[in-house]
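What TrEMBL records for 25-43 is transmembrane segment. Per TrEMBL, domain 'FtsK' is recorded for 165-364. Among the features that TrEMBL reports, ATP binding site is placed at Gly183, Ala184, Thr185, Val186, Ser187, Gly188, Lys189, Ser190.
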Amino acid sequence: MSALLVLVALGLGLAGVLVLRHQRPAWYWLAIGGWLAVLRVSFGYSSVMEACGLTVPPSRMRLMLARAANREVPPNRPPRLVRMRITRTGLVMRLRLCPGQDAFDVATSTDRLRHSFLMHAVTSREVKAGVVEVRMTGYDVLRRVQIPARAERSLLRVPVALVDDGSVHYRDFREVPHRLDLGATVSGKSVSLRNLVTELAPQPVALVGIDCKQGVELGPLARRLSAFADNPDSAADLLEALVERMAQIYLVIRREQRISVDIPDAEITADIWGLPEAIRPTPVVLIVDEVAELLLISSNSEKKRRERTMTALVRLAQLGRAAGIYLEICGQRFGAELGEGTTMLRAQLTGRICHRVNDEGSAKMALADISPEAVLAATTIAPNQQGVAVLGDSSGGWVRGRGPYVSLRRAVNVCNRYAHLTPDLPELAPFRPALPVAEPVDLAKPVPASA
Ligand SMILES: Nc1ncnc2c1ncn2[C@@H]1O[C@H](COP(=O)(O)OP(=O)(O)OP(=O)(O)O)[C@@H](O)[C@H]1O
């Protein structure tokens, strides 16, 4: 019997080593690795906390009681382990801190905890005063990213990346209306745009694309785009048409407000979300791939066009949210070289993503307003980690994550499948890509190579 137990223990140990060495998928971690980690953490908890400097000396009361009862001096106390949960990527522990400890103590010990508990990564965050959540991942979750099937999706809130602590990062347009996505060439910007378009395609949202790289990235997705521009001249016209649409929507909101003011207790709205559904304009997500192609000029004759483009972009960024117009702007750099107005535009882009960059200056353009650590984290992304990025917003929070790889073929299939949902916006009709509406595509079946 005892030989059998030893064999089982050896088998489990070997499986655990495989989990850690060969970075097995989530099901493997859940089935075996998670339970081994629970045992390891439970048995070694007090000694690891002591070794990592996360214990406090016994209170005076306990010392007094020990002395009165003539017992030996009580040991140092670790934070109380309130809860431990296995997730698909590792473990989550909730700790109640001892008096005198703070969340920063745990944050500075995460690397020591990682080594002590044989985990791939450990992060911590304060949940409420005195309670800290420690998330441990058993394998590199960013190596092959799969967004969990049960990730929540709602209007204008879509899962876009997996964070290195195993949680899902959402792009919530109503919370963070505009976002800037920077990264060197081949860092994964276009793939993250594709991912965003495939997530938004099934929603009642108008997608507007500007891709001045002759439309190579967004052109194939044209069936799901309500408007599209593939050169700076038509992009300037398209942006002005969007500003015009925004002005019209403001008039609608104003008109509705006047009715509500006369009616006591009625809700008064200042954006499209308070309008009755019947008259609520369709929200628009404007996607700009490679903003430098849109704004850089080579001669003075193009200066006027750039001014028009920049003015329209700044106005959309400043006023678009209430009219349901959201911006997603991608580029390799976003500095003064793009011309007057760049800083003003950047100040309005609350959300920030920074993929791999070639110099600290580029990382600072995206993340300097967030935190110096975020800038440092972005500069350490290796060239072979395409798609890995620092995701933050100007409230100061940031995480390291990676979006799933979405091939252009898959993005085209999804856009073709939902082409019938493409809203028709009369103001943008001249920019509607001239394409026949495709039959819905069955994603399970193989498809021919043409878009
Ligand atoms: N999330 C990801 N997971 C795995 N591989 C990725 C991911 N994102 C990008 N890649 C790889 O990196 C390659 C380049 O990505 P992408 O075209 O998005 O880069 P980019 O930043 O848009 O480059 P450029 O500015 O030159 O267009 C992709 O073809 C793909 O092989």
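Cβ coordinates are placed from backbone N, Cα and C, and glycine is handled just like the others.
Heads up, TrEMBL stuff is auto-annotated, nobody curated it.
In this structure, the binding-site residues that sit close to ligand 1, with a C-beta under 6 angstroms from any of its atoms, are Gly183, Thr185, Ser187, chosen from Gly183, Ala184, Thr185, Ser187. Summary for the binding-site residues Gly183, Gly188: the Cβ-based neighbour count within 10 Å is maximal at Gly183.
Sitting within 8 Å of the Cβ centre of Gly183, Ala184, Thr185, Val186, Ser187, Gly188, Lys189, Ser190, and not among those site residues for ATP, are the Cβ atoms of Gln332, His355, Arg356, Gln386. The Cβ of Val186 (ATP binding site) lies under 8 Å from the Cβ of Pro383, Gln386, each on the same chain and at least six residues away in sequence. Around the Cβ of Ser190 (ATP binding site), the number of neighbouring Cβ atoms within 10 Å comes to 22.
Over all protein chains present, the Cβ of Ser187 (ATP binding site) has 24 other Cβ atoms lying within 10 Å. Among the binding-site residues Ala184, Thr185, Lys189, the residue whose Cβ has the fewest other Cβ atoms within 10 Å is Thr185.
According to DSSP, Val186 (ATP binding site) sits in a coil region rather than a helix or strand. Per-residue confidence over the domain 'FtsK' (165-364) averages 91 (mean pLDDT, predicted model).
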